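*Asks:* Quick one: the structure is below, questions incoming.
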Amino acid sequence: NNQSEQTTVLLQPKKEIAPFLPNESKQQWRIPHLRYFIVIIGTLAASIGISCNFAYTFAIVCNVNQTMDTRSVYEESPSHSPIMYFPASITNMNYSAFPAGNILALFLLIALRGRIGVRNQVMVGSAISTLTTALIPFAYDYWPNSTLILKFIQGASVAPTIPLIGHIAANWTPLAEVGFFIAILSSYSQVGLFITMSSAGPLCDAFGWRSIFYFNAACSALVLFLWFFFFHDTPAQHNRLSVKEFHIINPNEKRVVQAKPKVPFREFFKNASVWAVLIAAIGNYNGISPLIVFSSAILKKAVGLTDMQTSYYNAISFFMQLVLKIVSGVLSDRWTSVSESFKTRFFNSISCGLAGLLMIGTAFLPVENKVLCAVSITVTQSFIGFNSAGFNKAAMIVTKQYAYFIVTIIGVIISASTIAEPFLVWAVAPETTWEQWSDFLNLEIAGVRMKLLFQTLFEKTNTPPEILIYRLLSVFKTSLISKKCDDISSVISVIR
């Protein structure tokens, strides 16, 4: 049974009650609809780390054009350079430094789970991220290679915001609103990218590349302020939460602080549905991530847009992703006539299928038509927003109270993929020309992915999960070479 299997909890935690209750006497006033405020703060906390990271991706193309000798411009005034210049090899290492720091910190967080609260983890990490972001332009003027070190620290500092998404989904989300909440929470990357891309163009034109880092550091400090005063790990710990809303979030439970459940690692990794979600994440991020990460370089260098045009097209793309995430989340909640398994396959097929088809079409476009190329890249990125109702929702449904752990593993997958991407892009598109990026799309493999995608959308199969996983790993091996949008719907079919 699709639905019953998908909603099975891996292992029910013991109801361990802490020896203390929230101090009700300190409740002077309550915040109405606090759960929505918590979700917004959590999303902002995760998104601002993404924004600070992508400040670099725009800064290195700020005030740069296709004919400029960037090295000569930099050497004219190294300590006050109007551009942020690095040799190609160092540029790639800077791209990879953030995910490298991120992945190492995620492994540390797995080991520390339960010893340090999520609130304190994010608070300390956000403070470090704010500081490193503000220091990058200052340190660059004295020692350019310091950017590599600061990007690594920045990546490690924002790692706690990755399991944060699963933590909020597991602790602050009512069952009836799970699709909507996951849509908001999983949109953190789109919100962060929108913050960067909507502001970077005007800041670059008016104040230069350094202002991009200072602006993001200021935004990060503001979010840190909100986090410190308003976020608590669980509803039972929050003195501003009304009793009525507590029972909306946790019906049939008393307002007590429960011990955090330990992850049953053996049962977790023996579960076929868990593997389906993880492999779906691999295909999803390896397919579209290069286009998102390098969209500024593609639009600015390959297509030949201005700083402002690059900023606006990227901002529109990530705003569309955000809208589609919310829309798909709401539709998934209200579409009750089919199983959750079918809904995850359906929305993943829309997300990855349409993006893949547009990638195929984009490769044939002539670069002389700049507007059409820019629009195609923008729309291609947008359709990935439907994944909030796909494997993102499946991850929360399958793992329930262990959602924070599977989100952490997905974070490791994203970081590992992002470490390798700059070097793969450099190998295929070293000059960042449109012709090289067209080759990067690898039309033949992308076409195969689309064929598999729509074949498996309504496919019925009794193949054992372990055989499906073996086949999917073979597909993934091919995708690592092609870097194409993998067949997400075939991954999610394991959930059945």
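Including glycine, each Cβ sits where the backbone N, Cα and C put it.
The domain 'Major facilitator superfamily (MFS) profile' feature in TrEMBL is assigned to 35-496. As annotated by TrEMBL, transmembrane segment applies to 36-61, 93-112, 124-143, 149-166, 178-200, 212-231, 274-299, 311-332, 344-365, 371-390, 402-429.
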*Asks:* Please give the sequence-distant neighbours of the transmembrane segment (371-390): residues at least 6 beyond its ends with Cβ less than 8 Å from one of its Cβ atoms.
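*Replies:* For the transmembrane segment (371-390), the sequence-distant neighbours (Cβ-Cβ under 8 Å, at least 6 residues beyond its ends) are 179, 182-183, 186-187, 190, 280, 284, 288, 291-292, 295, 298-299, 303, 305, 309, 313-314, 316-318, 320-326, 328-329, 331-332, 343-345, 347-348, 350-352, 354-355, 358-359, 361-362, 365, 434, 488, 492.
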*Asks:* Would you mind listing the long-range same-chain contacts of the transmembrane segment (124-143), meaning Cβ under 8 Å and 6+ residues beyond its ends?
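*Replies:* Distal contacts: 45, 48-49, 52, 55-56, 78-81, 84, 150-151, 153-154, 156-161, 209-210, 213-214, 216-217, 220-221, 223-224, 227.
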*Asks:* Counting only residues 6+ away from its ends, which parts of the chain sit with a Cβ under 8 Å from the transmembrane segment (93-112)?
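*Replies:* Long-range Cβ neighbours of the transmembrane segment (93-112): 53, 56-57, 86, 121, 147-149, 151-160, 162-163, 293, 405, 408, 411-412, 414-423.
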*Asks:* Which range wins on Cβ pairs under 8 Å with the transmembrane segment (36-61): 149-166, 178-200, 212-231, 311-332, 402-429?
*Replies:* 178-200
*Asks:* Summarise the model confidence on the domain 'Major facilitator superfamily (MFS) profile' (35-496) as a single mean pLDDT, whole number.
*Replies:* 78
